[in-house]
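Novice: Starting off with a structure, shown below.
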Amino acid sequence: MIDQGRKSLEERVGHQFKNPALLERALTHKSFANELRNTVEHNEKLEFLGDAVLDLVVGEFLYEKFPTDTEGGLSKKRASIVNEEVLSELALEMGLNKLMQLGKGEALTGGAQKPRLIASSFEAIVGALYLDGGFEVARSFIRQEFVPLADRVCGHEDFERDYKTRLQELVQKSSKETPRYEVLAEEGPPHDREFLVCVKVKEDVWAQGRGRSKKNAEQMAAKNALEMKYKETN
C-alpha cells in the first residue's frame, strides 16, 4: 500500500498505527499472499476479529437505542445492518477497494469491486484498530462510520415489517412465480446514497421503491406492490 494512501486512511479512521504492518495486513487479500507463497500475512484473521468487535459495538448501540426491544428484535436489527451490502458501501466510500492488495487473478476478475471482498476489508480494518489501539479506538471508528448509517436504517418507520416475504407468499400462492428486484438508479454521494428499485413479476414491473440501502429500497418496492396489487396498506 502506498504511503499516501495509508496516511489518508489513518486520518479517516482517526488513528495513527503504532504497528503499520497491521494496517497493511488488513488490506492484504489471501490471493495476494498466496502468490507470494505466504511470505506476507493476509487479512482473514483480522476480518474474524473485526466481525466480533463490530457485532459488539453495533449490539451496544441497538441496546441503547431500542431499550424495550426483545432479544429477537435486536438480533433482527443487527442482522439487517451488519451485512455485506452495508459494509461494502462503507468500505467503498472510504476508498478501501483502491487500497486492497489482491492477487493478479483476483484483480483481473474484478476483485476490487466484489462486495464480499470489500466488506471483508472493512471488518479487517476494525480488527487492526482493535489490536493496535484497543477497544475504545475501534469503538470510536465504528460509531463514527457505521452507527449513523445503522441509525437511519433502523429508524425507518417500515423497518419492522417484512414486505418482501409477504409479497412473495401472495405471488407464489396465485401464480407460482417469484418476484424479482432490480436497481434502477443510485443517487447521492457514497456516504448518503439513495437507491431506486423496481419489483417485477415475470417481466411486468409492479412497483418501485426508494431507500438508503438496496434492501430497504426493495422493502419499499414490495410494500408499494402490496398496496397496488393486493390493497394491503399495513
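A Cβ is built for glycine as well, from the same backbone N, Cα and C atoms used for every other residue.
Owing to the predicted nature of the structure, the values given are computational and were not obtained by experimental measurement.
Annotations per Swiss-Prot:
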- Asp51: active site (ACT_SITE)
- Glu123: active site (ACT_SITE)
- Glu47, Ser120, Glu123: Mg(2+) binding site (BINDING)
- 6-134: domain 'RNase III' (DOMAIN)
- 162-231: domain 'DRBM' (DOMAIN)
Novice: By a 10 A CB contact count over all chains shown, which of the recorded positions listed here is most packed: Glu47, Asp51, Glu123?
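Specialist: The largest 10 Å Cβ neighbour count belongs to Glu123.
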Novice: Go ahead and report the DSSP secondary structure tallies for the domain 'DRBM' (162-231): helix first, then strand, then coil.
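Specialist: Each residue of the domain 'DRBM' (162-231) counted once, the result is 33 helix, 24 strand, 13 coil.
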Novice: So how many other Cβ atoms are close to Ser120 (Mg(2+) binding site), meaning within 10 Å of its Cβ?
Specialist: 27
Novice: What three-state secondary structure does DSSP assign to Ser120 (Mg(2+) binding site)?
Specialist: helix
Novice: List the helix, strand and coil residue totals of the domain 'RNase III' (6-134) as derived from DSSP.
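Specialist: Helix/strand/coil tally for the domain 'RNase III' (6-134): 96 helix, 2 strand, 31 coil.
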Novice: Tell me, what is the mean pLDDT of the domain 'RNase III' (6-134)?
Specialist: 88
Novice: Can you list, in sequence order, the residues of the same chain other than Glu47, Ser120, Glu123 whose CB lies within 8 Å of the CB centroid of the Mg(2+) site?
Specialist: Asn43, Glu44, Leu46, Phe48, Gly50, Asp51, Ala119, Ser121, Phe122, Ala124, Gly127
